[in-house]
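K.L.:
Okay, so TrEMBL annotates it like this:
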- 34-477: domain 'Major facilitator superfamily (MFS) profile' (DOMAIN)
- 30-47: transmembrane segment (TRANSMEM)
- 82-103: transmembrane segment (TRANSMEM)
- 115-134: transmembrane segment (TRANSMEM)
- 140-162: transmembrane segment (TRANSMEM)
- 174-193: transmembrane segment (TRANSMEM)
- 205-226: transmembrane segment (TRANSMEM)
- 356-378: transmembrane segment (TRANSMEM)
- 384-411: transmembrane segment (TRANSMEM)
- 423-447: transmembrane segment (TRANSMEM)
- 453-473: transmembrane segment (TRANSMEM)
Amino acid sequence: MPKEYKNEYQPLLAKATKDRRRPKLPNKSLLLAVCAAGIGGTFQYGYNISVINAPTAYVQDFINQTWSERYQTQISDDGLTLLWSTIVSIFTLGGLIGALIGGTLSVRVGRKGTLLTNNIFALLAALLMGLSYPTGLFELLIIGRFISGLNAGIAICVQPLYLGEIAPTSLRGAMGMGTSIFITGGIFTGQVIGLRELLGKEEYWPILLSTTCIPAFLQLLILPWFPESPRYLLIDKGDEEGCKKALKQLHGIADCDSEQEDIEKERNSLSGLQAKKPWELFADRSLRWQVLTIMVLNAAQQLNGINAIYFYAGYVFKQSGIPSDKIPYATVGTGACECITALTCGMLIDRLGRKVLIMGGYTLMAICCVLFTLTLTFQEASPVVPYLSMVCVFAFILSFGLGPGGVTNILTTELFTQNSRPAAYMLAGSVNWSSFFFIGLVFPFIVLGLKQYCFLVFLVICCLVIIYIFLVVPETKNKTFLEIQNEFQSSKKRQIGCSDGFNLSIRMNI
């Protein structure tokens with residue numbers, strides 16, 4: 001094309017690109033696919049975290065009674081605490097193992113195939129926990145919770161992978177927020193189902209713990225009607241016809257050609273490359289900053305104080321004058337807050353961008369850490385202070401849901417291309433679950449040593465993460481996976497260029 005014509009049509013080309021990336025309303029089929037993936041995916045993760053809280057006293061009574069019948073002696077308080085802690089915490093061990101195998105499964109049987117297969121773990125866990133009471137075997141609760149963790153670990157690894165790959169570039173942020181929305185929805189549903197008016201009574205606790213089978217059945221009924229990830233079909237399997245069919249179903253006929261073109265560009269750039277293993281990510285210098293970024297963000301997601309806020313919530317509600325039997329309802333309010341912010345983040349993320357939301361979320365959390373420390377310190381100074389503490393609890397949860405809670409998983413999808421993305425999720429999941437286990441193990445000692453000042457530790461973590469994001473993480477809104485990778489590489493080249501220029505000037509001066 002002659003230069004003068006090229007210049008003439010340049011604005012039109014730019015406008016076409018801009019129009020292609022402008023957020024549009026998602027296709028109905030795409031929305032239903034997100035729901036189908038989420039209901040048996042990260043919904044299970046959130047549900048299993050919260051549903052175990054309601055029957056705590058009843059399960060402990062069951063363990064005590066079973067131990068007494070089995071050994072003709074009462075179990076010690078330390079033994080009971082150990083068994084209950086094992087039932088609760090073994091979920092994280094299962095999650096860690098699930099995260100380690102989830103990426104491999106997603107490469108071998110596909111993203112959709114892994115999500116469907118994963119329901120076997122959910123159904124088995126529901127069966128074992130439901131049978132624990134009639135058989136008098138509390139060990140089944142331990143095994144069931146471990147298998148539930150496996151299910152959650154695989155889901156939180158593979159579902160964001162699937163959602164990120166089926167979404168068009170302009171809606172990738174909003175669709176990716178499905179992961180966070182279903183986690184918070186699961187937490188909220190578990191809190192509601194655990195109320196005494198529903199399944200929170202003593203005689204219903206085995207049924208309550210076995211209700212994890214319901215989302216699994218729903219996904220097995222719904223998800224088969226939707227296609228496999230188009231990127232997986234074309235790049236991993238070389239199925240051009242399957243990819244085109246999947247894109248037509250998910251995006252509509254009008255938009256499928258431009259998305260297939262993006263996928264083909266990525267396939268050409270990855271030609272001859274095999275899917276990476278997690279340890280191979282560390283050896284690839286071109287992925288150094290991406291790997292460090294997902295490790296920092298996933299560790300911070302668990303270490304930023306959100307677990308501490310939930311730990312203190314019951315105490316704050318009690319100090320505020322809420323009767324003990326009404327505190328579960330206030331706790332449901334915290335779950336509702338997370339749901340609202342996850343939905344809000346989903347609507348804003350493709351307008352404001354990832355970097356603004358996650359930095360804004362951590363900034364607000366840092367401010368809340370300061371205010372919460374002050375209100376806990378001066379709890380007795382005025383009748384108003386406990387209510388200010390309640391405001392801090394809800395503000396912290398809202399801030400977490402607005403940024404770190406949702407954006408972290410999306411960035412894990414966007415910072416990597418097809419051959420390294422499953423390994424990145426295995427690595428991110430391992431860091432996330434390890435941090436979850438670490439904070440659960442260490443946090444009681446932090447509280448014991450620092451009391452209300454423990455939030456100053458979380459303040460430092462939030463501030464360090466803000467600085468890291470500002471200096472290292474690029475804005476990924478409306479960019480293809482290849483464009484994001486090229487931005488990291490060009491940033492690295494600029495740094496090398498500056499370094500070389502500096503060294504050259506030194507040599508010339510010498």
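Using the three backbone atoms N, Cα and C, a Cβ is placed for every residue, glycine included.
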K.L.:
So if I exclude everything within five residues of the ends of the transmembrane segment (82-103), which remaining residues of that chain have a CB under 8 angstroms from its CBs? That is, six or more out.
P.N.:
45, 48-49, 52, 56, 59-60, 63, 75, 114, 121, 138, 141-142, 145-158, 278, 422-423, 425-426, 428-430, 432-434, 436-437, 440
K.L.:
Are there residues at least 6 beyond the ends of the transmembrane segment (356-378) whose Cβ is under 8 Å from a Cβ of it, and what are they?
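P.N.:
Contacts with the transmembrane segment (356-378): 297, 300, 304-305, 309, 312, 345, 348-349, 385-386, 388-389, 392-393, 395-396, 398-408, 411, 451-453, 455-456, 458-459, 462-463, 465-466, 469-470, 473, 475.
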K.L.:
List, by number or range, the same-chain residues at least 6 past the transmembrane segment (205-226) whose CB is under 8 A from its CB atoms?
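P.N.:
That would be 29, 32-33, 35-37, 39-41, 43-44, 47-48, 51-52, 54-55, 58-59, 62, 112, 115-116, 119, 122-123, 125-127, 129-130, 132-134, 141, 144, 148, 193-194, 199, 249-250.
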K.L.:
I'm checking region-level scores; what's the whole-number mean pLDDT for the domain 'Major facilitator superfamily (MFS) profile' (34-477)?
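P.N.:
Mean pLDDT, the domain 'Major facilitator superfamily (MFS) profile' (34-477): 87.
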